[in-house]
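Student: Mind looking over this structure? Questions follow.
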Amino acid sequence: MSPWLGRKGNIVEFRGTYTVMITPFDGQGRIDVPALRRFTDWQIAQGIRGLIPLGSTGEFLSLTDDERTLVAETVIGQAAGRVPVFIGTGAENTDDVIRYSREAESLGADGVMIIPPFYSTPTEDELFVHYRRVSDAIGLPIMLYNNPATANVDLLPELVARLGTIDNCRLIKESTMDVTRVRDIIRLCGDRMSVFGGIMGFESFLEGAVGWVAVASNVAPHAMSQIFALCDGFRDIGAAREIYRRHVPLIRFVGGGGYVAGSKALLRHMGFDVGGPRPPRLPLPAAQDAQAFEIVRDLELRFVAA
């Protein structure tokens, strides 16, 4: 991706490990703003290069519009320009995506991440018009989000290349299990599209991805950011692989269907209570919660406020 001119006229380069953030709730089930501020500071202090609230891990579909606004303005305000903040603005209706994206821009976001409409299974032409309308409505870079397992839509590399002709569609989170997608998107798009890995973060770096949108970095931000730092420019792939292999149990644990409840359970065992998931999601069953405790113990994970 060619450099992006930031809101202050500065050149912004988007790369590295970004955390798709959990949303903390208090004992009454409300957004825990102080916890969200502490979590934001901790992520940045641990070396994370970007933050993405209101993604799937952030339970965006379980939040009201007012709560989405509160989360976005809290993270943007607390980050205070230290790292880029991309706001998840996905919705089923194009007009809603535009509304959320305009709000993110007005709050000072550095970009937006947009999953395709996930129920209507739009055609390729409909997806093109969808993203073009959003692009025309804002002046922020758009990170496409390909996760066919949850969105019921697969952004194949050829379609990504077509979407890459839209002015602001400049990045993609490629979150399938097929890392050859990373290679093919780079081949088809060149520097027009910056590719971030999703599920297969380490493997995506080896195929040329410039970043990783990670779930595991909610609980191990330093280690996940180190994997990219060591892969960047092929500085020390061996050391990166060692960190990756040590953390595979964690990455697998938060990579399945219990990624929200799992991430929150891990943080609780680390000493940072962010509440449980919102219904219909349930907290982890006892056996899985015990696994979470073992992962925290084995990796010596701790939450120490910045």
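The backbone N, Cα and C atoms fix where each Cβ goes, and this holds for glycine too.
TrEMBL: automatically predicted annotations, no manual curation.
Residues annotated as active site, proton donor/acceptor in TrEMBL: Tyr145. Taken from TrEMBL, the feature active site, schiff-base intermediate with substrate covers Lys173. Residues or ranges marked as pyruvate binding site in TrEMBL: Thr57, Val213.
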Student: Using DSSP reduced to three states, classify the residue listed as 'active site, proton donor/acceptor' as helix, strand or coil.
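Tutor: Its secondary structure by DSSP: strand.
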Student: Thr57 (pyruvate binding site) has how many other Cβ neighbours within 10 Å of its own Cβ?
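Tutor: Summing over all protein chains shown, Thr57 (pyruvate binding site) has 24 other Cβ atoms within 10 Å.
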Student: Report, as a single number, how many Cβ atoms besides its own are within 10 Å of the Cβ of the residue listed as 'active site, proton donor/acceptor'.
Tutor: 26
Student: Measuring Cα to Cα, tell me the gap between Tyr145 (active site, proton donor/acceptor) and Lys173 (active site, schiff-base intermediate with substrate) in whole angstrom.
Tutor: 5
Student: Between Val213 (pyruvate binding site) and the residue listed as 'active site, schiff-base intermediate with substrate', how many Å separate their Cα atoms?
Tutor: 7
Student: Taking the Cβ of the residue listed as 'active site, schiff-base intermediate with substrate' as the centre, count every other Cβ atom within 10 Å, in any protein chain shown.
Tutor: 28
Student: Would you mind checking how many other C-beta atoms are within 10 angstroms of the C-beta on Val213 (pyruvate binding site)?
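Tutor: Its Cβ shell of radius 10 Å holds 29 other Cβ atoms.
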Student: Report, in whole Å, the straight Cα-to-Cα distance of Lys173 (active site, schiff-base intermediate with substrate) from Thr57 (pyruvate binding site).
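Tutor: On Cα coordinates alone, these residues lie 14 Å apart.
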